[in-house]
């Protein structure tokens with residue numbers, strides 16, 4: 001299979017970025033919008049073609065999906081270690097190509113309407129293209145270092161886009177926070193790469209993930225060296241997961257994600273819902289054989305528990321937030337936790353790998369409906385000019401399309417059949433049930449919570465009280481409505497894609513069955529959530545408030561996101577700045593510099609003293625002369641007489 | 001005429017021509033032409049070198065040797081390898097950019113450019129010589145004009161800073177001189193005559209006791225110039241007071257002499273000493289890396305921030321050199337180059353910002369993205385490069401260093417490496433802090449709304465630095481291979497002693 | 001030869017004179033006093049020349065000649081010194097040592 | 001007899017010398033110096049160098065002392081008391097001088113001088129011949145040098161003494 005054309009999928013957005021970036025002053029806003037959309041559309045078309053070719057024409061050999069790699073050396077470290085640049089085609093990368101280009105295209109189209117009239121229109125599209133390039137490069141990476149490179153680029157695009165409204169202090173702070181928190185995670189990632197690279201002797205995914213023909217273990221000798229009771233490779237994987245957790249906003253590195261909502265809404269939809277934040281999931285999936293086989297999946301267990309906890313944690317916080325984008329942000333975090341959980345409970349072979357499949361499936365469907373939710377929220381915000389639930393209500397009359405599409409997305413995420421979320425979530429729960437019942441119940445509980453907070457949001461925006469608006473809210477223009485409709489369509493049909501035919505852990509297709517009892521329980525939980533939300537929020541009443549008061553301190557803690565921001569603030573401001581940086585600055589001035597200055601000053605002082613001897617008084621000289629002569633004479637006599 | 005000596009002769013001729021020039025216009029044109037020729041020569045040298053290297057595998061190419069002082073066997077011996085070629089290229093670019101940035105030097109322009117080019121002469125000479133004594137002479141030639149440049153054309157407490165800088169560097173040279181003489185007087189350890197020639201000394205087995213004694217002297221002598229903790233304090237004050245072009249040249253080129261000297265002399269000639277002492281200096285340089293980064297976190301003066309960041313980045317160079325393996329050494333060379341371009345770019349931009357707003361205090365600036373978009377965007381790019389973003393040179397260099405440093409299995413090296421790697425986080429914090437406060441947010445001062453746009457010479461200067469930086473970051477292979485190949489014989493010399 | 005007086009006694013005398021001269025030279029604060037101390041030193045050494053000539057080498061006259069020269073030089077020196085002192089006095093109205101330190105700059 | 005004279009002379013010289021360097025009156029100091037110089041002349045008489053003693057008396061006591069007295073009178077009030085050095089400095093110098101003296105005496109007394117017993121008297125003629133002799137051991141060259149030195153000193157003294165006026169003349173012209 002010739003895959004060289006896949007190279008153009010990331011390169012076209014790069015070209016668009018360069019064109020828009022260099023011609024920033026000269027290109028008219030409308031033109032730049034078209035250029036951006038056209039570029040992404042080409043990329044998307046190529047991705048679809050590639051997907052078709054790979055899945056249906058030439059990807060499969062003897063029932064196994066092939067991993068096709070083309071690469072070239074980018075930089076040499078040692079004889080064995082080098083960074084390659086190239087493209088790696090396998091089921092998950094193709095799937096991610098489709099997801100990224102689709103969502104990105106939709107967001108591009110949407111942004112033409114949403115950002116209309118903004119001064120930095122061209123800049124916005126340039127950044128979007130830069131992001132698309134980096135994300136596609138990340139997806140296609142052939143080795144750990146390449147993924148790290150694009151990982152960083154994705155991070156910086158995210159930084160630029162969050163800080164897009166750079167005159168707003170909160171946006172700048174949020175951008176900075178996002179970058180630094182993920183950078184901190186990347187520090188772990190990098191160390192992990194170094195460890196794995198050193199002990200495995202390569203960065204290549206192919207070699208790292210190579211499994212023996214029976215599918216029972218890695219070819220890589222991972223048990224050679226151990227450190228504190230675990231194999232060093234396990235440590236490496238845990239550190240790599242730290243990187244993934246940072247980017248995917250897993251607990252406790254999640255704090256940047258809610259703040260990142262300061263960016264324009266299309267950006268939130270693209271980066272902080274559908275694509276970049278799932279990079280962590282993708283990374284674990286990419287190294288799945290390693291995670292699974294090294295040390296009997298110790299690292300994978302960590303992934304599962306972190307995922308489950310984050311999922312629960314975020315879902316609880318999402319219950320109480322009033323900023324609609326933040327609710328969605330926590331929902332994203334929760335759903336990504338779900339994907340991590342699914343990966344964590346997965347096995348490698350055949351049907352046992354259902355978790356892996358489910359995770360990727362959920363990634364796919366989640367991208368569709370979460371992007372839709374964000375774009376819908378953007379549409380609402382565009383109309384109401386506020387992010388807060390208290391400023392909304394009864395919007396269904398003004399914005400029918402947004403209303404319907406938002407409802408579809410909400411149903412999808414709540415796991416109501418036949419919408420997309422139902423199918424993928426069901427597979428996750430099945431996988432969890434088979435492997436670890438505790439995680440299953442956590443997942444189930446989160447599903448209920450998800451349904452509740454999502455419909456709280458839905459009813460709060462489109463039903464509930466009839467707010468008086470200063471300006472009559474109106475439906476969004478077609479450029480914004482079209483992506484909504486398209487994604488709504490996808491949210492409905494995506495669930496019917498037989499994912500287990502395409503994306504599996506061992507790359508061999510298997511039959512996935514709907515586990516009816518489990519599905520019924522899950523749907524039941526979801527419906528309970530929706531009904532409670534219905535009671536609480538359908539009509540304006542004080543039930544919810546009374547309920548909240550009943551929980552008292554717990555509600556308060558949740559509302560303040562368990563004070564995690566405050567803890568981080570404390571660590572950075574108080575500890576890093578006041579306890580490390582300031583003392584270092586003082587130390588530098590006072591002691592290090594002081595020592596050097598002291599040497600200088602002492603020299604001057606001594607020379608002042610010595611200068612005093614050179615007084616110009618003849619008598620002093622005579623005094624020294626006589627004493628000197630006498631002294632020397634004494635010495636000589638002493639020496640001669642002995 | 002051999003093509004290497006031209007590197008010294010051309011700046012000298014330019015200086016002579018400058019003596020006869022009159023006024024700013026002539027002076028800058030002459031300097032520009034001189035620097036342009038220099039850049040052309042450096043590029044030419046690069047290609048000639050690559051062609052020659054394909055056939056000639058000796059350590060140094062284009063070697064020339066003239067006796068200078070018969071009595072002490074001092075030669076004017078020159079030669080280059082891939083590392084010097086790369087550094088010569090860096091120097092010529094930074095010098096030319098520096099000339100462009102100082103396009104509007106009103107105060108004593110002729111003398112300014114003369115000093116600048118004398119400095120450049122010293123640096124060029126240092127990079128091409130392979131004779132310890134000649135090297136030392138050029139080193140001093142490079143350091144001395146610094147005093148005048150800061151003392152006369154500087155700002156703020158310039159006399160103090162110039163004095164501090166010169167004294168500390170001179171102190172270091174004194175230590176270095178002892179080290180160099182120590183090497184010289186041990187160069188007959190295997191019989192044969194005393195010599196200053198690096199290549200000849202490298203074949204001699206200098207006794208272990210002598211190496212142990214002279215390595216720290218030589219190392220510290222050079223490392224002070226490379227801002228080794230705790231001898232870095234001249235750098236913040238010096239940079240803060242120096243005029244823009246001088247900061248550029250100093251941080252961009254002169255400070256590289258430190259790392260280069262450590263590499264070429266201390267490590268290469270005294271390998272046993274290096275092995276013996278590396279643990280101690282690794283601790284110092286790792287402290288320097290993290291300390292510089294934290295130090296930059298709290299500063300509010302742009303130049304101070306950048307100076308501390310240089311301490312951190314150059315600490316990385318020394319750290320890499322001390323790791324004693326091929327990858328990390330290559331990383332050290334690349335980091336030198338990368339930091340040269342990056343920091344020169346930073347200082348150029350700071351100079352432009354200062355020239356327009358008349359303050360370097362970031363708390364007084366704000367929203368500059370709005371009022372000077374070009375400069376601000378480049379500043380963002382430089383900042384991102386500085387925090388090691390892929391696609392820029394810094395990433396390439398740092399990754400080489402980290403991968404190289406990770407080749408040691410002992411706990412000590414691992415911990416030191418992790419500490420150094422953690423600097424990338426702190427770097428991100430201080431860079432983003434500056435970007436956030438200075439470039440973003442609302443415009444704090446009404447007067448800034450009508451600032452002049454970047455002029456052509458400023459843009460040229462910036463582009464000269466930006467393009468190699470990106471070029472190195474996007475396609476590092478050819479450069480990395482060139483330096484890697486040249487590092488080979490040197491590391492082999494060290495490893496042979498292990 | 002002084003009957004009954006050995007060379008040691010004469011040397012003791014001249015040494016004492018010499019060091020009294022040095023003492024005066026260092027401690028006095030007036031240029032003329034310094035000049036006086038200088039004369040003491042010169043005379044002490046002149047006596048030594050003569051005495052050594054007489055006691056050890058009575059056949060030659062070198063010591064005597066040297067003494068004569070010393071006297072001559074002392075005279076010349078004193079004349080010059082006095083001229084300088086007077087000139088100095090004209091300029092700064094003082095012949096104190098502490099007022100003439102400005103030479104060191 | 002000569003012995004007693006010597007001791008008296010030595011006593012006078014030492015006492016006068018000490019008085020000369022410690023007196024607070026300038027003029028007295030000069031007069032004490034005169035006593036010392038006369039004492040030196042006495043020593044010369046004692047060891048039979050009459051010519052030398054005469055020169056000492058005329059040049060030193062007669063010439064130099066007068067010169068010094070004149071200069072003292074020109075620059076000082078008679079009653080003016082001299083400023084004295086600090087006590088610490090005096091003590092320090094005194095100690096240093098005493099050590100030096102001890103050193104001298106130690107060396108002198110440990111050295112064995114080969115004294116030649118004699119009672120020659122030297123005539124003025126011998127001195128004159130010696131000074132003007134061209135032969136070996138002749139002192140004609142130093143003699144000439146000294147005369148030039150004296151001349152130079154004389155001119156120098158005049159120039160220095162009058163220098164101020166000479167330059168001033170230039171200015172006023």
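Using N, Cα and C of the backbone, Cβ positions are placed for all residues, glycine too.
Looking at A:62-81, A:122-141, the range tied to transmembrane segment in TrEMBL is A:122-141. Checking TrEMBL for transmembrane segment across the ranges A:460-479, A:480-499 points to A:480-499. When pLDDT is averaged over the domain 'NADH-Ubiquinone oxidoreductase (complex I) chain 5 N-terminal' (A:74-125), the result is 84. Sequence-distant contacts of the transmembrane segment (A:6-24) (same chain, at least 6 residues past either end, Cβ-Cβ under 8 Å): 32, 35-36, 39-40, 42-43, 46-47, 50, 70, 87, 89, 97, 101, 104, 122-123, 125-127, 129-130, 132-133, 136-137, 140. Secondary structure of the domain 'NADH-Ubiquinone oxidoreductase (complex I) chain 5 N-terminal' (A:74-125), assigned with DSSP and counted as helix (H, G, I), strand (E, B) and coil, comes to 29 helix, 11 strand, 12 coil.
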